[in-house]
Amino acid sequence: MRKKQKLPFDKLAIALMSTSILLNAQSDIKANTVTEDTPAAEQAVETPQPTAVSEEVPSSKETKTPQTPDNAEETVADKANDLALQAPAKTADTPATSKATIRDLNDPSQVKTLQEKAGKGAGTVVAVIDAGFDKNHEAWRLTDKTKARYQSKEDLEKAKKEHGITYGEWVNDKVAYYHDYSKDGKTAVDQEHGTHVSGILSGNAPSETKEPYRLEGAMPEAQLLLMRVEIVNGLADYARNYAQAIRDAVNLGAKVINMSFGNAALAYANLPDETKKAFDYAKSKGVSIVTSAGNDSSFGGKTRLPLADHPDYGVVGTPAAADSTLTVASYSPDKQLTETATVKTADQQDKEMPVLSTNRFEPNKAYDYAYANRGMKEDDFKDVKGKIALIERGDIDFKDKIANAKKAGAVGVLIYDNQDKGFPIELPNVDQMPAAFISRKDGLLLKENPQKTITFNATPKVLPTASGTKLSRFSSWGLTADGNIKPDIAAPGQDILSSVANNKYAKLSGTSMSAPLVAGIMGLLQKQYEIQYPDMTPSERLDLAKKVLMSSATALYDEDEKAYFSPRQQGAGAVDAKKASAATMYVTDKDNTSSKVHLNNVSDKFEVTVTVHNKSDKPQELYYQATVQTDKVDGKHFALAPKALYETSWQKITIPANSSKQVTVPIDASRFSKDLLAQMKNGYFLEGFVRFKQDPKKEELMSIPYIGFRGDFGNLSALEKPIYDSKDGSSYYHEANSDAKDQLDGDGLQFYALKNNFTALTTESNPWTIIKAVKEGVENIEDIESSEITETIFAGTFAKQDDDSHYYIHRHANGKPYAAISPNGDGNRDYVQFQGTFLRNAKNLVAEVLDKEGNVVWTSEVTEQVVKNYNNDLASTLGSTRFEKTRWDGKDKDGKVVANGTYTYRVRYTPISSGAKEQHTDFDVIVDNTTLEVATSATFSTEDRRLTLASKPKTSQPIYRERIAYTYMDEDLPTTEYISPNEDGTFTLPEEAETMEGATVPLKMSDFTYVVEDMAGNITYTPVTKLLEGHSNKPEQDGSDQAPDKKPEAKPEQDGSGQTPDKKPETKPEKDSSGQTPGKTPQKGQPSRTLEKRSSKRALATKASARDQLPTTNDKDTNRLHLLKLVMTTFFFGLVAHIFKTKRQKETKK
């Protein structure tokens, strides 16, 4: 026999161990930093977000969760944080050609006008709370330090002493204070993010900078308080840390605090009291806290559209959800400062186009280029040697396109968009290869241009953007989990140039970049108001500044949809510092609480009442109207785009001097309700803006957003329906097997974390070999030598007789799943535990079990906080949560095993929205501990090696599997395989087994065991040698919990079949969805090789599946690196398992 190649298990184990050690080391370095461009339920600090680095081909089978139109191929920039850790891209040192600032060239928010009136922040202190900073950057500079609030370190120390602050260092005249509130004593790996954010707020680069234009923040002459905070000991501790930073910033004199980080979808109500008090303290002192809305788009993340049946798809979390904060969304203006390239067109005209480059091309050099299709095949690159490869976006990852071009001899890559009006995308750095991204329009021009040369210019210019004015697709939508209106306002956040570590500058994108601009504007506006309204208290000036800034914002209009972007996406609109500075009027709700109107639930007809405030000495005449709109629906999904319904007519109003007046606008959307309810059966938003002009033909003067919900928002379903109830076998995050819709595979050692996400009950499948070992006294499961493992599966699912790799839902005649357990302590289907995909945040989740009379026999502990499963991504959160506290092991309140019978397992929970009522979901669970009755004797034919049992097994539950197991030594591991019955019920026993190396092992009769399991998980195993002796099994030889000759004296109500145990019929197993009985496979007789894992001796340390180690409600602080370690670990185990499976399956088919 040919010697088979030995599988490198030892090498894999070494690689696995090394990987684990390295990842643990990296975990120690990075601590718990989770950035908002990698959205997380436990995320910490938001990093540049929407610069996608790879592309994926949409699955042709994806029917439930199509990709968003703007994100057709790329895996959104959830890898931006990883890119920050890669080798930096080469940048050409450009001598200073001008002392002009970036804002001199492009100022979409019109900050310069406000700076001229309020100064540039001299004498003011601003604070930035973030994950890390380069505290010695060249941009941290004061033009005139004699105007600074803190003239010296001694001044700072005096202020610290007054407020009992014993920590924090003076860095220089600009950075008056720096402290690490994380208390981990480590240097932040990510210094980019906080440095970039601080530069937008208060950067002040010197004229000697190597950049062509000088960075100047919104408040360049303000002093900085840099406060490092990141997750170290959990979210609650993290929130307390940034609360302490807020208090210190206020006490040290900060006028504004920027917080560009967040925890997606978390509710303000769940923050620690210390954090809420810190927000209130800042407000009382007139200190503005500005937060980023987040980069998590909406429910489903950036690659899925939310379902039209579930309108609560907002993901703005904390701290942005706090009412006292000013929460900022991101948009792209119609013009941008950008790198450029020039081409000579067919008519000999010079055409400039914007480019976003990674590893810049040599400036002012003419490059030849050649078209290379989508850069997938070798033939695409036949003409690119020594030239730039022009490649269309799509089909494969950007990095693969670049690598392919480099391999073909290209000197650079130009990738053009495959969709119109798309956003620029930062390409990955592949071996320092020059690469740049351009628009589709410019790419097609290059493709058709007869002169195939291009020149990259040294100096950036302001050019129109391909997208036009547009909300960033990554910017998080409201409402908040509490049901409040957020975000408040929008600012540019796409490709923003600012400072990064080591005296460098770079473009980053994200709401992180939008917030500090607004923070600077707020600081300047409050400075203006100190002079303009000296009699006001600081808190009154803060309140006025926030209302004026929101009122003067310009509502952004979607030219494609001919409607305004939703207030749940843009807030009040794009910030306009010039309008805010000049404003003498503003608009609020009728109670003068804020400059937004939350109507909560509305009917088809309702009214919007607002208050117009006039702070001038003259009466003001205005015209007003309201826009009415809702969500656009595409098929079964929200399109994340607005749908205009109608606009009211313009009306006239006069507001007396130094006074206010209310305006009421009647809305009637009844003519749209039939069509809208057909598209959104659970209700829909009716929203828009009440807009004011001094003349109907002139530009908008001010506006206020309003939001109402036509339906019952508070009582929308919080939980996705169970997967058992799905007609096509799919859920939002789960794509059904088209050939077997009821297939729900267990976890095993395969990493199904991104796959098994739906609402269901879980349980465990425990093989008889492990049950036997435990019964024989092995206390530590790691000491059990077996090729089989304990596996987490879904209640009501069963494998086939000869294939343990797939599980299928088995149903009763009424269609409900056959969820049955046998809580006898053997670890096999002993319990059920709840797993849910939550569509909304909820509170007070509890599981309880009711008997057939409706009496509660058991109640779980309460899970107080449940966060919606807004994404299915290892970098953020999974598409379902397993609740450890809901595990029911078949016992009552007193810890006694309940009687056999059918019970209702109920999960209760309440949405956290105002006015919500408790909801619940029920599952039927059968409990049955009845001992199996099996044959006590058998005969064996030596001629054909057939084993014939004296009788068929009997039980109160259908038989799941009846098999002959045999165990042999393969190297140092006992390996178990199974034999399925022949059509006549006999078993053909093999004479030998084959090892992984191809060696044969003779089998003795003592190697064989008869194993029977029913659908409740009761297992009995008997050595074949005992069957052949014709003797009844003794208790110590029998695998069941009781001796076969000592049947329990069951009362009628204790029998799961509804009959008394002494009158049990020969139960015929029910059939599963495939039309066959689970475990029964016709025309078998050959050995059915176990598909459990060859290397599970090493893997058994995990006991349960890898999936159960993922974050649960009791383990909410597991972060991205911990998930990465788990992925790597289970990947290696899965690889070994796959090799073993493949080998065994091939042998079985021989």
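Placement of Cβ uses the backbone N, Cα and C atoms for every residue, glycine included.
Check Swiss-Prot against the ranges 600-604, 950-954, 1110-1114 and you find motif 'LPXTG sorting signal' recorded for 1110-1114.
Neighbour density for Asp130 (active site, charge relay system): within 10 A of its CB lie 32 other CB atoms from the protein chains shown. Comparing His193 (active site, charge relay system) with Asp130 (active site, charge relay system), their Cα atoms are 8 Å apart once rounded. Spacing of Asp130 (active site, charge relay system) relative to Ser512 (active site, charge relay system) is 10 Å (Cα to Cα, whole number). When the neighbouring Cβ atoms lying within 10 Å are counted for each of the active-site residues (His193, Ser512), the highest count belongs to Ser512.
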